[in-house]
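Novice: Not my notes, these are from TrEMBL:
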- 74-98: transmembrane segment (TRANSMEM)
- 130-155: transmembrane segment (TRANSMEM)
- 237-259: transmembrane segment (TRANSMEM)
- 324-348: transmembrane segment (TRANSMEM)
- 368-392: transmembrane segment (TRANSMEM)
- 456-475: transmembrane segment (TRANSMEM)
- 512-537: transmembrane segment (TRANSMEM)
- 800-860: domain 'CBS' (DOMAIN)
Amino acid sequence: MACCGNCFCCQCCCREGETRTPEELTILGELRDEEDEILPRKDYESLDYDRCINEPYVEVLEGMDNRKAKKYEAVRWIMVFTIGVTVGLVGLFVDFFVRLFTKVKFTLVGDSVEKCTEKGCLPLSLLELLAFNMTFVFIASVFVLIEPVAAGSGIPEIKSYLNGVKIPGIVRLRTFLCKAAGVLFSVAGGLFVGKEGPMIHSGAIVGAGLPQFQSITFRRIKFDFPYFRSDRDKRDFVSAGAAAGVAAAFGAPIGGTLFSLEEGSSFWNQALTWKVLFCSMSATFTLNFFRSGINFNKWGSFQLPGLLNFGEFKCQDGDKNCHLWTVVDLAFFVLMGVVGGLLGALFNCMNKCLAKYRIRHIHPKAKFIRVLESLLVTMVTTVVIFAASMLLGECRDLSSPTTHNSTLSGSEDINSTIRQFFCSNKTYNDMATLFFNPQEAAIHQLFHQDGTFSPVTLSVFFLLYFLLACWTYGVSVPSGLFVPSLLCGAAFGRLVANILKVKLGMDIYSGTFALIGAAAFLGGVVRMTISLTVILIESTNEITYGLPIMITLMVAKWTGDFFNKGIYDIHIELRGVPLLEWETEVEMDKLTASDIMEPNLTYVYPHTRVQSLVSILRTTVYHAFPVVTENRQNERDFMKGNILVSNNIRFKKSTVVSRAGEQRRRCQSMKSYPSSELRNVCDEQSAVVEPAEEGEDLLQQMLERRHAPYPNLYPDQSPSEEWTMEERFRPLTFHGLILRSQLVNLLIRGVCYAENQSSATQPRLSFAEMTEDYPRYPDIHDLDLALLNPRMIVDVTPYMNPCPYTVSPNTRISQVFNLFRTMGLRHLPVVNAVGEIVGIITRHNLTHEFLVAKLRQHYITV
């Protein structure tokens, strides 16, 4: 029998046929070599979203009156507004420089193509385009080398963070700088990526860092700002920042709020909804104010709400037969949803295979290999779009196109984006019109130009964009997926509209089918429903599209879910992040808390020696420890056959070993200490557990116990170092939970008392002192042991959480899961009917893979 490892706070259950790693053997106390004593830090931790109601926190509550509470709430609203304004300004910065770089590139390359078409020097134009694109992408890749987590869209990481998983470096200032700067060059470099995903990530980083008034990048600069020093507040601000990023990207504040609710946050409340919406509105109107003023020179006109605006869908004036959509069109929309779901599932499957290949063959190699891959993708993309425009584009008559909406999101006319590359003066190249324009302009062309693109052009464009966007998503540059998916889907929808118009002679509005195609493909890739519906409605500013968009997205999601997960969930799974879904499967209720809990506990006593705490912290990777006392009376009864003690856990009497010898050894060592308190501790404890003599005053006995609620037990070694697996299943009365960060903080600050003193002499820390180092608490591996007296004693009771959420061993999995997820817990102790802790449940124990394995064992046992 051996135990498998776990990247979280606890070890898995024992399984046959596996071998223990040195780290696991060290944790279990079965391997204690010096070189294996200190364990490596794990990558993924949980957020401590639940409040620790300890004595310092209670003191803050008692000193909080209505005036201070209102001040605290006012500061929170100010920070929410500041986050929204900052995210809007970040969006303005990104949009301005992307437009600047793209305009410079296309202007110079376009002039070169027009000249070389006549002179026959088109290879020079291709080299010029390659030089621009590869230079820009190289710069973007360098930013990712500086901070690797800046790669990609960042939405999988932010979704994991809001689900309760702390990914290293994901909300750091350096990540923000590399992300915001890198996406400028990756988009300007001609890659099939968007800036909307990185905007969401950037907004989340602003929400995480701005209210803290500190950064590890500028660690020497510190502000005395005592507010929001907890994971609970930080996660709420990250929700607001992510929503503001969506609002700035699409001009959709309500859609941003729903995005945080649907795709991100696992735990929500009504007050948070209002704050997130206010933050989204602030971001939208900040960006709108500045963009409208810069582009139209009409400050305060509010004409450009987001970075990506689909324009206004309307029929031509005087055309009474025109209609945006009819009931008959709904049947085609449903079919497009099915096809979009299939295409999205294919896209996700191909991208998953590419991601696995990168993880196995590219990421283990030197970092410059990732840069070379990015440059290779850029080179292939550039050559393909240049060759497709030159060889596959059709030269069409300039008089044929008519526009339903002539204004882009900027100040230029939509007809100004038509490209005449490789065509005569009176014709234009439909393929070059799509490829040699910014992606937003190409989307407007597909949505609002009528009769511009041939079916062959749309088919080739869709195929090339599908393959290249799939290859590009995952390279080491900041990249979004919304705009490429929208473009790919819009080409698909426009192709369907052309077929219906030409082959069937139907009178339809092509822009509607382009929009529905974009929604179908995007929904098939990302599998979003509510938030994506609202985002698309707000981007089109047309409420009549609500029903067809909603139906299309639902059908696309159902179709895609039949084959695989959404693209973000796939990348979360590939990273090994223990994401918790909204609910468990019905079949999982065959399991109880005792089936999935971790019974191998490492715990501390209310009064523990420094030597023991250091040993526990340095030889385990747990992030919380139950605070317990030994229930020796219950153990004695249990050994006599009293099954009341463990009727909620199915451990047989033969698996529990008496601790009399262990306790006797401790007592003997304590009597050798000079402190009279230590010499008499064993006798005092024996007196407590002995039955009261007849006639003894029980009331007086209760009053005496009232002043010493926690027995003084001072183990010399870690409880997990020498005991066997069976010895760990001993009756332990549960008193609370204390976090690793709290224990390290107490040790570093010297919060302890001597063995010849009372625990009342121990220094007391305030709530501000306990949270001063948040979120980067000191590490036990950095602790200078020479400064600590190993014989000193730490009273942890004032700083532990005495009232955490607990469950019974017989609690069904659905109840455990709902409590854990909705309350945002990190640790869930399992306590039986008489107050003994018998196990602990963490996020790892509730992941789908772990539950499936436990259910399989359950069936085998049955």
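Heads up, the Cβ atoms here are built off N, Cα and C, so glycines get one too.
Here the structure is a predicted model, which means the values were calculated and not measured.
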Novice: Between 74-98, 130-155, 324-348, 456-475, who has the most Cβ pairs under 8 Å to the transmembrane segment (512-537)?
Specialist: 324-348
Novice: Give the nonlocal contacts of the transmembrane segment (74-98) in its own chain as ranges (CB under 8 Å, at least six residues past its ends).
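Specialist: Result: 180, 183-184, 187-188, 195, 198-199, 202-203, 206-207, 210-211, 227-228, 237, 240-241, 244-245, 247-249, 275-276, 278-287, 290-291, 294, 307, 438.
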Novice: Which of 130-155, 324-348, 456-475 has the most Cβ pairs closer than 8 Å to the transmembrane segment (368-392)?
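Specialist: Between the stretches 130-155, 324-348, 456-475, 130-155 has the largest tally.
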Novice: Do any residues, 6 or more residues outside the transmembrane segment (324-348), come within under 8 Å Cβ-to-Cβ of it, and if so which ones?
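Specialist: Those are 313-315, 466, 469-470, 489, 492-493, 496, 500, 508-509, 512-513, 516-517, 519-527, 542, 544-545, 547-548, 551-567, 570, in sequence order.
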Novice: Per DSSP, what is the residue tally for the domain 'CBS' (800-860) in helix, strand and coil?
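Specialist: In the domain 'CBS' (800-860), the DSSP-based counts are 27 helix, 15 strand, 19 coil.
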Novice: In the same chain, who gets a Cβ under 8 Å from the transmembrane segment (130-155) while lying at least 6 residues past its ends?
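Specialist: Residues packing against the transmembrane segment (130-155) from afar: 101, 105, 108-109, 167-170, 172, 174-175, 177-179, 181-186, 188-191, 197-198, 200-202, 204, 263, 367, 370-371, 374-375, 377-379, 381-383, 473-481, 568, 571.
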Novice: Near the transmembrane segment (456-475), which same-chain residues lie under 8 Å Cβ to Cβ, leaving out any that are not at least 6 residues past its ends?
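Specialist: Contacts with the transmembrane segment (456-475): 151-153, 191-193, 343, 347, 350-351, 354-355, 358, 370, 373-374, 377, 380-381, 384-385, 388, 392-394, 430-431, 434-435, 481, 484-485, 487-488, 491-492, 494-495, 498, 567, 571.
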Novice: Please compute the mean pLDDT of the model over the domain 'CBS' (800-860).
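Specialist: In the predicted model, the domain 'CBS' (800-860) has a mean pLDDT of 87.
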